[in-house]
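The transmembrane segment annotation in TrEMBL covers 31-52, 64-88, 100-119, 182-200, 274-300, 306-328, 340-360, 435-453, 504-525.
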Amino acid sequence: IYVSGALSMWGDRMWHFAISVFLIELYGRNLLLTAIFGLVVAGSVLLLGALIGDWVDRNPRNKVAHASLLVQNISVTVCSIVLMLVFLYKQWIESIWDGWLTVVCYTVVIVLADVANLASTALTIAIQRDWIVVITGYNRGHLAGMNATMRRIDQVTNILAPLAVGQVMTLASNVIGCGFILGWNLVSLIVEFIFLSRVYRIVPALSVKPPAPEDDQASLERPAERTEGLVERRGSQGHLNLNEITNLPLCFGRFRWLLSTCKDGWRAYYRQDVFLAGMGLAFLYTTVLGFDCITTGYAYTQGISGSLLSLLMGVSAITGLMGTIMFTKLRKAYGLVNTGIISSCLHLCCLLLCVCSVFAPGSPMDLRLLRPFLDANANSTLSAAGGMVEGQKQKHTYPMRGGINQPLLPDRSSIHWTNNTVLFENMPSGMEPDSYISIILLFLGVITARIGLWSFDLTVTQLLQENICESERGVVNGVQSSMNYLMDLLHFIMVISAPQPQHFGILVIISVLFITTGHTMYFLYARKAKRKPAGCLDT
């Protein structure tokens, strides 16, 4: 499982890194294709997450794993071949059909990459949310150890895989980079297929899936009573739906069944005892306090070089590994629910440094920039009331210091864009802030907060594994993936609404509010979970 997971994660990280660079190179160093790709990926998982999870629940484990693995690797392979052809014959392709063949190629690339991401989501749900629970024999200690190890593998591959493929693309060419990814996926497909098949044979319990929640004894909680499950409704309503579908055209009947499945999946998610914990984790995705293109772009405007950013990313990976180690220690000493509480408190305390950075010397935040908008709103209100004063009509403008009135991602021509970070060729002059105290506090908070963040993430992951009945694991985790993507989209909307570096402080405060809301949801869940055992003893 570890080898298979490492190969899969390495391939995913390489592909996510490379596809962003490829799309920018194809479209003349413009971000349009990358933005469309990100929107398509997020939207597809948001809409289809429940359906993917339902498919995982309905089919045998080996069929789900093998099908997801095949679809993912074949999609990446075909997409790599298309990209190689486009890079090699770009001028000839652009001359056909007045350039429309180029649009077709771009569409094929984005669609194939999106299919690969959906298959990767299904494989992650199947292996990391279901298989390892069965493999560990429902032992909480072993499950925590496997979860932590898988996360450590993910942290390491997140740094090394983009570095490896980036070196190939830099030292050779984009075509060679496509060929490298193509070859990796073919080799990885064979190895992963063999290893997963072997694990399936070694663990006989993987071949057994319960038909309905009321007959399910695989939940780690093994409660005496269970709420009505999704699969029960599937069984009781399935024949009715089929009868109704036969009276409708095939396409409308199929569409109605898909909507019904999505609705049942979201209901199943809401019905879970760990609903608040899952929602709390999703709220943590609405943040600019991570090593993505937004934060690194802001750091660039504050005079931080690309080499230093790469070093900081390496340090953040180390603190992430420390979080996985802390999770196993805390869970063993204080229990799973208390581990989440401790991790939440640590995460929030570290993020206070980010809040302090907003008001520290060197911060570009200038709330006076919002005054024209506030004055405009106030004037319109007074005008509607008939009492607007003429002297208040004037606009207030304030000169900005050199270098800070730049977009978060300035001078696109001098940037090598990636999916996770940006590496800058030249540092524009005049962009150094008056003081580095603000940016130091920001990254100190972001880096140290990853200890509590990853410990909390592992806590919620194991809570979902332990408390969701086996026959609903797929659909509930599919909806959880949809929620994560939804909240992740919100933070991009935040940046679009306030794109200037002097607005970044506001985004930091909003991010901390979202994170605080998420942890508050977990605290409410923890309070309810701690009361539950006492209630059971009383009964």
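Each residue, glycine too, has its Cβ placed from N, Cα and C.
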Lying 6 or more residues past either end of the transmembrane segment (182-200) yet within Cβ distance under 8 Å of it, the residues of that chain are 1, 3-4, 7-8, 10-11, 14, 61-62, 65-66, 69-70, 73-74, 76-77, 80-81, 84, 127, 131, 135, 206-207
Would you say the transmembrane segment (100-119) and the transmembrane segment (504-525) are in contact under the rule of three or more C-beta pairs closer than 8 Å, pairs 6 or more apart in sequence? no
Okay, the transmembrane segment (340-360) and the transmembrane segment (100-119): do they have at least three CB pairs under 8 Å, pairs separated by 6 or more? no
